[in-house]
Amino acid sequence: MPKPYVAINMAELKNEPKTFEMFASVGPKVCMVTARHPGFVGFQNHIQIGILPFGNRYGGAKMDMTKESSTVRVLQYTFWKDWKDHEEMHRQNWSYLFRLCYSCASQMIWGPWEPIYEIIYANMPINTEMTDFTAVVGKKFAEGKPLDIPVISQPYGKRVVAFAEHSVIPGKEKQFEDAIVRTLEMLKKAPGFLGAMVLKEIGVSGIGSMQFGAKGFHQVLENPGSLEPDPNNVMYSVPEAKNTPQQYIVHVEWANTDALMFGMGRVLLYPELRQVHDEVLDTLVYGPYIRILNPMMEGTFWREYLNEQ
C-alpha cells in the first residue's frame, strides 16, 4: 500500500476569540464533507503557537507567542490515497466547501494556500491515550512478543509539532533527503520524541487555494458568499504549480515545548548529530525555519493507514 499524500491548507487569521469559535464550528463540518470521498484517509489540524528561536538566530521569536501575536496561523493537514483524490473531492463538493470556507473570510489575513506533498520518510506511531497504554503492552505480553515500550503520543492538543521549512539547492535534493533522514533517526533517542516525517512538495492545489483566474477572482469579490465561483476556472494543475527550488517540510512531533526545544537543539549541541545535520544545512537555499504547532483537531486513523505499509 503506498504512503498517503498530504495537502496542507494554510491561512493566517485574526488572533481573537471569534476565530477559535469559527475553527471549532466550521472545522468539523469541513471534515465531514471531506470524508464523503473514499480516497480520504484522515486529518490533523493545527494552530501555530510559536517559533523556535534557534539560539538567537530569530531573537524576537518565542516558543509560545499566542498571547502577543495579532494573527494566528492555521495549518490543516488532510491525507489522501492519491493527490488526485484531493482535487476530485473539492470539485464534487465545491458548493459546500466554498460556502463553509467563505464564512470565515471576515477573519482572514492571508490565504488559503494549499501545497500538496508526498511522504518520503515516516516514523509516525499511532496516537494513544494513557488508558490505551496498558492494553497495548498487555496484548504484546499475552502474545509472547518482545515488550518494546511504545511511545505515548497523545492526541487532541496534548503534544507539539516542529514544522520545519526547507528550500533545497537544485541538484542537491538527494543529499538533503539522505542527510535529513539520518538526522531524524538520531533524534529518536531524544527525550519526548514522538515521531517524524519528511514531506516533499509536488505542487499546489489551485481549487484549495481559491485561485480561479480573472473571472473567478471577480466572482469571489462580488458575491455575498452564497454563490460559488466555477471551480473549472482554475488556471493550472497541481504539478504545474510545483515550486523551484524544491520545498520540503520536516514534521517532528514532541511531547511538549521543552522536549521540542532541547530535542531540536541537539543539532547544535550534540557533536555527532551536528555533523550530520551540517550536511543538511549545506544543501539549503532557505531554512530551516521552524514553526511550533499544536494539533487541536485530529482524525488519527491516517496513522493506521500509514502504518499498514
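Note that Cβ sites are derived from N, Cα and C of the backbone, with glycine treated the same way.
Packing around E114 (Fe cation binding site) is summarised by its Cβ count: 25 other Cβ atoms lie within 10 angstroms of its Cβ, all protein chains included. E114 (Fe cation binding site) falls within neither a helix nor a strand when secondary structure is assigned with DSSP, and so counts as coil. What Swiss-Prot records for H86, H90, E114 is Fe cation binding site.
Look at C31 (cysteine persulfide): DSSP puts it in a helix. The cysteine persulfide annotation in Swiss-Prot covers C31.
Of the recorded residues, H90 (Fe cation binding site) and C31 (cysteine persulfide) place their C-alpha atoms 12 Å from one another. In sequence order, A7, N9, T78, E87, M89, I116, S205, I207, G208 are the residues of the same chain, not among H86, H90, E114, whose CB sits within 8 A of the CB centroid for the Fe cation site.
With a 10 A radius on its CB, H90 (Fe cation binding site) counts 22 other CB atoms from all the protein chains.
For C31 (cysteine persulfide), applying a Cβ distance below 8 Å and a minimum sequence separation of six or more within one chain yields F43, M297, G299. Long-range C-beta contacts of H86 (Fe cation binding site), restricted to its own chain and to partners at least six residues apart, with a cutoff below 8 Å, comprise Y5, A7, G39, T78, W80, I116, S205, G208.
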